[in-house]
Amino acid sequence: MELPGFAVAVWMFSCLYASVGGYPNGKVREACTSMVPCHGSSPQLSPEHTITVNGTEFKPGDSIEVHLSGPDFEGFFIQARDAEHLDRPAVGSFVLADRRRSQLLTCGRTKNSAVSHTSKAKKKDIKVYWIAPGDAPKHVQFLATVVKKYRIFWVKIPGPIVSQTDVLSPTPPLHATSEAMSTSYPASYISKPFSASGCGSMKFCIRSPSNCDPGSASCFFLSFQQEETSVFIEMSGPSEGYLAFALSHDQWMGGDDAYLCVNEDHRVHVSTAHLKERSYPLLDLENALEDVSWRLADGVLQCSFRRSICLPAYKGRFNLDTSYYIFLADGEASEGGLIYKHRRQPLVTDGLYNITGLPQDIGASRSPRLIKAHGALMFVAWITTVSIGVIVARFFKPVWSHSFLFGKELWFQVHRMLMLTTVMLTSISFVLPFVYRGGWSQQAGFHPYLGCAVMALAIFQPLMAGFRPSRHASRRQLFNWFHWSTGTTARILAVVTMFLGMDLPALDLPDPWDTYTMIGFVAWHVGTDVLLEIHSYYLVRKVEVIEDDRVQILQSLTSAEAEGRLFKQIVLTIYICGNIVFLVAFLIAINQV
């Protein structure tokens, strides 16, 4: 039997405001009418628990013992209702037999008209007493909702019908088993992995990595195949918790049409939900899916189902003949089927797609293009241009002091060009996350704060250089220290910021590869710097001191440095090649996420 309109309204209201964790304390007044717990899944079909009474007749004021028993259960909700009108409010009141395990609730205007659990501690039976009211209907039936685990429950398990004295017992109504059965459906088992055959020609497919085999243990696969007025959907991927996909009007979570396949005690439950911003999915009471099947094997979760292209009767279900961004997420689930937030960024298509339009075979990325560009530009700036610019300024003044470019010393022009390129790349990269997020991100930890500090220092450096004193001015030494300390601070903060950014969900480079590679780059740069410092010290030690009449003739430092021209140029060439290798490695990793 379908839920009455009023019951549906009450149920939707209670689902919106009830905790996603259910009612472990038994305060289930929100479910007085429907008797359906807000656990977001469909009730089971065949009850495992029974209700018994110690009598079949009553007079107003009589007490009837009601006993609920069966396999271990965590929660329960018991009412008595008019057997001929089960949609009406509860009748009569209850008295407790065990206050530690049960409590009285008031549903509607009748005090103590329902009984529920006090905690989620497991129990095998519950005994209460029902007191017949003076205005009792002729026939009363006891109903119970029993929760075995969070996602495993039975709604309105029918109990015995008791009648007033001298009134014939009625024939039990056919709908007495469960008002919510209309939302349940049988699920079959999938015998083998899905196939990518027909992707791009007969069905719309999303695969990550691109062109992967759905049967492999590392392939995330989602396909849509139109069949007249419905679409058959297949979803699989490496997960022992849950897989979910959502249709969205943008690349942000919120206001989306979601579909979840959740592993519940080695069985897969398929449900629909509505995503409201970054909160827990609002799972639907009524399920619009048909032909549900599933499979769990070798760490791969598979599920398939069918839904109509248009579902006007189901609020929150999008029409499938419109273009959407498509999300594909995976995560962990508890033993009872409660899902946890995905630990990594969902796979998201790079554009809007109509799954009932022209069949395509596309990939998806966990990192948006703007964030990829942000990371790539920062790596180019702080792994190549700034590092090479610092080496040139520190060690190549004497080597290129007699070479000029556009009227200035060659080393200075190369240094200035590389540093201005760093500022330009950093400025462009700095803006991209704000464009993507539409403002400040509250989810990125210290990364954006350090990024702002790096950006400020990167701009301050060339501004300060514009006021550089002349070579022989008294303030030149002070300027040199400020220039060096500001640049060094910016480089250190940039490396720390990149370390933090590599593991953010929006980029999330592969662990632990990203950490080891960044450590390798830092060691490569420091090692090159130390090597050139040792080489400079060695040249100074080679200064020839000739004593003649107490006059020391010192070979100039410039001449000594010139002797190492070839060595320094070889080291610089090797250093640049190494930096390019690190940069290419990071760019490849960014492209693959």
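Heads up, the Cβ atoms here are built off N, Cα and C, so glycines get one too.
Where the annotation comes from TrEMBL, it is an automatic prediction and has not been curated.
Per TrEMBL, the features are:
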type	residues	note
DOMAIN	13-180	domain 'Reelin'
DOMAIN	216-331	domain 'DOMON'
DOMAIN	336-535	domain 'Cytochrome b561'
SIGNAL	1-22	signal peptide
TRANSMEM	376-396	transmembrane segment
TRANSMEM	417-436	transmembrane segment
TRANSMEM	448-467	transmembrane segment
TRANSMEM	479-501	transmembrane segment
TRANSMEM	513-532	transmembrane segment
TRANSMEM	570-590	transmembrane segment
DSSP assigns the residues of the domain 'DOMON' (216-331) as 0 helix, 69 strand, 47 coil
Most CB pairs under 8 Å with the transmembrane segment (513-532): which of 376-396, 417-436, 448-467, 479-501, 570-590?
570-590
May I ask you to check whether the transmembrane segment (479-501) and the transmembrane segment (376-396) make contact, with contact taken as at least three Cβ pairs under 8 Å and only pairs 6 or more apart in sequence counted?
yes
What parts of the chain pack near the transmembrane segment (448-467), using Cβ distances under 8 Å and only residues at least 6 beyond its ends?
416, 419-420, 422-423, 426-427, 430, 433, 440-441, 479, 482-483, 486-487, 489-490, 493-494, 496-497, 500-501
